[in-house]
Amino acid sequence: MALNATGRASQPGGLSHAKPRVLFGVTGGIAAYKAVTAVRRLRQWGADVTVVPTRSALQMVGKTTWEAISGNQVRVEVWEDAADVVHVNTGASADLFVVAPATANTIAKFAHGLADNLLTNSALVATCPRLIAPAMHTQMWEHPATVANIELLTKHGWELIGPEVGQLTGADSGAGRMSEPEVIADRAIEILETQGYRSQYVGEPTGKTWVISAGGTHEAIDPVRYIANHSTGIMGVELANAALRAGHRVKLVGANISEQVRDTCLSGIEFVNVVSASDVYEQMDRLAASADVVIMAAAISDFRVASSATKIKRGRGLDLTFEENPDILHDLATNRRKNAQCVVGFAAETGDETHTYLEYGQQKAQRKGADLLVVNQVGNSAGFGDVDTTVSVVTGAGEIIKEYSGTKSQVATGIVSVIDQWCTNA
Ligand code: CTP
């Protein structure tokens, strides 16, 4: 796992901690009361939020509110808990720095590198993405000093959100109104998601159990060699996360999923580690007995090798005998292990000169006997790993009912919702 000196994750998927740390700066604008909503939303999503108000911010909303709403201790000055070196650690350990509302005064301090409280000190230390939501009267916002300071902040890498044109503190209105707290929180979440973080939110329990296979099987040739495929298991893990967030109980049968990918599983998912197609079959057969939804997202080798118990030596030629593995999806779909069970398959297709990848997917849907088949296009490298994807969801009769594009996490959320709808209506 690649970490930078501060222990923050330095690449998507390589996260040192499941809950991203958000440093939420609040300055002395009336919109501070709205920032409470943004902090709450980020916390509900699953972020570990530390609020750092300025002294003026506390005139608007008190320390007790910030501590209660964030669940973390609130400090304002650098000499509080000096033994913890808070003026460095607070900013350095953050995965995202948000300031909302940001007054003209604090913006000026950030722009010129002044550091006279914990928030402005942290701004000089933080190397994470920084998002700033200004809020002030129109005259202050349009003053050349503020305009120049904002230019400097943008140059220093701050991302600006708002301000909007609208009603200000009094009866007046104009440019300078802070963006709505939901908009600020949603943008913050988007930034965290591009870093590889996922919502830790778990919905109301549905009482349903979903069993999902993911990853790619290894078929032994001898004790040191095996036949594998390119599947990383990311899609299956994202499906498991999305199903958990939808409130389902989730059991994930993972074939050879790397530790890095496995670490992105939300806590609460029951993980069963397997290696070969036979292992997947054994575990899926066992777990399907109590499942309401069964998803075969794993890339299963259609063949296994009549493997050698000892290492095959060079110089004696190589003559491998292949035996066919069972079609697990077909078996689970045609011999349902539980009443009213929904069975879903995946198909990674390339298409050729006679048929498109989608036509092959539709044919496969009809052949497999599953309720739904999720079809995606793969190429030499397309479709594998931490990349965006496009899928079509096809019914057992071959009818396309949905298409989704985006990150695997976004697509997984869509697939889970279509399964939820389809399987309830079926
Ligand atoms: N599958 C399975 N058992 C197998 C092979 C595949 O359960 N032995 C499942 C996969 O998990 C997936 C679906 O079947 O949900 C389609 O997998 P794919 O490899 O595309 O299908 P195959 O039947 O092997 O068809 P092809 O001839 O295209 O390889």
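Just so you know, glycine gets a Cβ as well, placed from its N, Cα and C.
Nobody curates TrEMBL annotations by hand; they come from automatic prediction.
Record note: TrEMBL gives D302, K311, P326, D327, I328, L329, K364, K368 as CTP-binding, and the candidate from F271, F346 in that site is F346. Proximity of P326 (CTP binding site) to non-local residues of its own chain (separation of 6 or more, Cβ distance below 8 Å) is seen for A277, Y281, given in sequence order. Within its own chain, K368 (CTP binding site) has D327, L329, H330, A333, G345, G396 as residues 6 or more apart in sequence whose C-beta sits under 8 angstroms from its own. F346 (CTP binding site) counts 26 other C-beta atoms within 10 Å of its own C-beta, drawing on all protein chains shown. In sequence order, S213, A277, V280, Y281, M284, M296, I300 constitute the residues six or more apart from I328 (CTP binding site) in its chain with CB-CB distances below 8 Å. In the three-state DSSP classification, I328 (CTP binding site) falls within a helix.
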